[in-house]
Amino acid sequence: MYTLIIPAAGQGKRMGAGKNKLFLLINEVPIIVHTLRAFEKDKACKNIIMAINEEERPYFEELMQKYPVEKPVQFIQGGAERQDSVYNAIQHTTDVEYVLVHDGARPFVTNKVIQDVLTAAEKYGASICAVPVKDTVKKVEQGVVVETVERSQLKAVQTPQGFSVSLLLEAHRSAKQSCFLGTDDASLVERIGKQVGVVEGSYYNIKVTTPEDLLIAESFLHVQKK
């Protein structure tokens with residue numbers, strides 16, 4: 001069994017919508033509802049903890065009334081940074097050995113990816129899902145190319161990311177003590193010298209970040225309905 005943690009206190013400035021992007025609609029249903037539905041049928045998911053901006057609590061609670069979820073959902077105070085929100089959520093985790101941390105704006109995660117991440121977390125203590133990088137990647141400084149990075153060793157990392165509760169708590173406490181801010185939770189585990197298992201993600205598992213992503217998401221849903 002695991003607890004799903006969703007840091008949902010961000011404002012999504014790149015979307016330019018003037019509100020939390022999780023409230024934006026894909027096929028007339030909020031992004032966050034699509035995301036929750038991806039997990040609610042998973043028998044291994046015990047409950048869901050969402051770290052939110054307290055000012056948005058009424059909106060989230062209204063969504064849960066309009067779109068009920070078949071799992072217990074708990075709203076807690078989010079932090080100034082995503083990392084703070086996850087740390088706060090860990091404090092509310094009880095009676096489970098593992099947690100999965102997932103971006104609320106990744107509504108197309110598949111059950112296979114979820115199960116693969118959980119299995120790898122049980123094996124290694126920490127796990128991520130990732131896909132091979134398709135594009136050529138170059139390092140650029142002051143407007144000119146300084147290096148072409150070897151693509152064969154690169155992966156684009158997604159969520160969910162899975163962890164034993166004790167390991168993730170240790171990693172977060174260490175980062176907090178050193179004022180270290182990582183780009184994801186796995187980087188905090190890497191920082192304390194622990195292994196992170198990697199499983200195959202999905203190119204459909206996009207993070208809806210920009211207006212263009214909303215159009216892509218609508219297309220994905222259209223294909224799924226066929």
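Residue numbers in this text run from 1 along the chain shown.
Every residue, even glycine, has its Cβ placed from backbone N, Cα and C.
Here Swiss-Prot flags Arg14 (among others) as site 'Transition state stabilizer'.
All protein chains considered, the CB of Lys21 (site 'Transition state stabilizer') has 26 other CB atoms within 10 Å. If you look up Swiss-Prot, you'll see Lys21 (among others) marked as site 'Transition state stabilizer', on the strength of sequence analysis.
Swiss-Prot lists Arg151 (among others) with the feature site 'Positions MEP for the nucleophilic attack'. Secondary structure at Arg151 (site 'Positions MEP for the nucleophilic attack'), as computed by DSSP, is helix.
Residues near Lys207 (site 'Positions MEP for the nucleophilic attack') in space but far in sequence (CB under 8 A, at least 6 apart, same chain), listed by position: Asp103, Ala105, Arg106, Gln158, Asp213. Taken from Swiss-Prot, the feature site 'Positions MEP for the nucleophilic attack' applies to Lys207 (among others).
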What number of additional C-beta atoms lies within 10 angstroms of the C-beta atom of Arg151 (site 'Positions MEP for the nucleophilic attack')?
12
Cα-to-Cα gap, Arg151 (site 'Positions MEP for the nucleophilic attack') vs Lys21 (site 'Transition state stabilizer'), nearest whole Å:
31
What does DSSP say about Lys21 (site 'Transition state stabilizer'): helix, strand or coil?
helix
